[in-house]
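The structure under discussion appears below in the form of structure tokens.
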Amino acid sequence: MKINNSLLNFVNGMLVTLPSSKTLTLSWNFGSMLGMVLVFQIVTGTFLAFYYTPDSLMAFSTVQYIMYEVNFGWIFRIFHFNGASLFFIFLYLHIFKGLFFMSYRLKKVWMSGLTIYLLVMMEAFMGYVLVWAQMSFWAAVVITSLLSVIPIWGPTIVTWIWSGFGVTGATLKFFFVLHFLLPWAILFIVLGHLIFLHSTGSTSSLYCHGDYDKVCFSPEYIGKDAYNIVVWLVFIVLSLIYPFNLGDAEMFIEADPMMSPVHIVPEWYFLFAYAILRAIPNKVLGVIALLMSIVTFYFFALVNNYTSCLTKLNKFLVFLFIISSVILSWLGQCMVEDPFTVLSPLFSVIYFGLAYLLLGIFMTSKLLFK
């Protein structure tokens with residue numbers, strides 16, 4: 001069916017008539033699920049913003065007001081809180097799937113995806129601070145102070161973000177505005193990510209590169225994406241039965257600038273990076289290692305190699321990389337004491353070693369098998 005409207009024609013080409021391989025599995029649902037969760041987070045977050053007050057004296061109490069006084073406010077708050085965890089679960093599955101199938105060969109898709117990941121981490125951190133609880137307040141103090149390692153301008157940048165000489169109500173307003181606006185920038189980059197992907201196709205080893213052996217995206221894969229409904233049902237049930245199991249008990253205590261928690265721990269989806277940061281006693285080197293834990297994957301897109309040799313070795317190393325990431329996440333929430341202070345540097349070295357080994361295999365496979 002021909003559509004004359006240019007906007008509808010664009011949407012039709014992306015969601016209906018897009019030529020798609022017959023062999024894509026359910027692991028290709030992660031992207032569509034991420035899009036659904038992103039929209040879900042924007043909707044629930046907008047509702048919460050109606051009642052939230054970005055003031056250091058009222059922020060914590062307005063969160064309690066939403067929970068206890070606003071009609072169905074507790075549902076929106078619980079779903080928004082757990083929706084962030086659901087988003088990161090599928091985001092990490094999406095990234096690991098990309099490593100598994102060497103998706104970094106699609107340079108624009110890979111680079112835009114990593115940029116989305118960095119922005120989402122910033123977005124989640126700022127949302128975490130908005131509760132203005134004891135743990136989130138001190139997490140804001142620790143993380144923002146890391147910017148002071150930037151040569152020359154570092155202390156000035158920290159003072160500018162804090163709007164003073166410490167994390168205050170002005171910092172809270174700054175984070176609230178960015179937390180409200182950043183999702184729209186993420187949506188824009190997601191659109192670019194989608195366009196780049198659909199203009200080149202997938203990197204699955206089963207992928208068919210001729211349009212003669214493909215099917216339209218709808219209804220074949222629209223129906224397959226309907227399996228996401230099962231995930232949503234599980235998410236709703238778990239959120240209602242265990243609403244705060246993924247949080248910290250300190251998040252129920254109002255922020256006290258005069259007393260820090262015994263053990264500062266970020267949300268679970270930042271723990272692997274936090275473990276790498278703590279593994280290095282030097283502040284500057286720790287921040288560099290923290291950044292490189294993510295920035296390293298940008299280097300994959302700089303290699304001009306479109307072959308897919310050594311795929312079995314690549315998949316084996318990806319599984320080892322996933323295991324090391326999970327162990328680092330566990331170490332990130334452990335106390336700073338033996339044996340964890342020994343294990344964290346060890347698994348940080350393994351993490352980077354596997355990442356650069358994957359990069360090295362990707363670089364050399366073309367030379368070995370050309």
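Every residue number used here counts from 1 along the chain in the order it is shown.
Note: Cβ is positioned from N, Cα and C throughout, glycine not excepted.
Listed features, source Swiss-Prot:
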type	residues	note
TRANSMEM	30-50	transmembrane segment
TRANSMEM	74-96	transmembrane segment
BINDING	H80, H179	heme b b562 binding site
BINDING	H94, H193	heme b b566 binding site
TRANSMEM	109-129	transmembrane segment
TRANSMEM	175-195	transmembrane segment
BINDING	H198	ubiquinone binding site
TRANSMEM	221-240	transmembrane segment
TRANSMEM	284-304	transmembrane segment
TRANSMEM	316-336	transmembrane segment
TRANSMEM	342-362	transmembrane segment
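Annotated features, which come from Swiss-Prot, shown on the structure.
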| residue | record | Cβ within 10 Å |
| --- | --- | --- |
| H80 | heme b b562 binding site | 20 |
| H94 | heme b b566 binding site | 20 |
| H179 | heme b b562 binding site | 22 |
| H193 | heme b b566 binding site | 22 |
| H198 | ubiquinone binding site | 17 |
- Among H80, H179, H198, i.e. the binding-site residues, the one with its Cα nearest that of H94 (heme b b566 binding site) is H198
- For the transmembrane segment (342-362), name the stretch out of 30-50, 74-96, 109-129, 284-304, 316-336 with the most CB-CB pairs under 8 Å. 316-336
- State the residues, same chain only, that lie 6 or more residues beyond the ends of the transmembrane segment (316-336) and have a CB under 8 A from a CB inside it; answer 'none' if no residue qualifies. 96, 99-100, 263, 265-266, 268, 270-276, 278, 343-344, 347-348, 350-351, 354-355, 357-358, 361
- Item | Selected stretch (most C-beta pairs under 8 A with the transmembrane segment (74-96)) from 30-50, 109-129, 284-304 | 30-50
- For the transmembrane segment (30-50), find every same-chain residue at least 6 residues outside the stretch whose CB is under 8 Å from a CB in it, and list them. 66, 73, 76-77, 79-80, 83-84, 86-87, 90-91, 93-94, 97, 127, 179-180, 183, 186-187, 190, 197, 225, 228, 231-232
- Between H179 (heme b b562 binding site) and H193 (heme b b566 binding site): CA-CA distance (Å): 21
- Query: Between H80 (heme b b562 binding site) and H198 (ubiquinone binding site), what is the CA-CA distance rounded to a whole number of Å?
  - Reply: 30
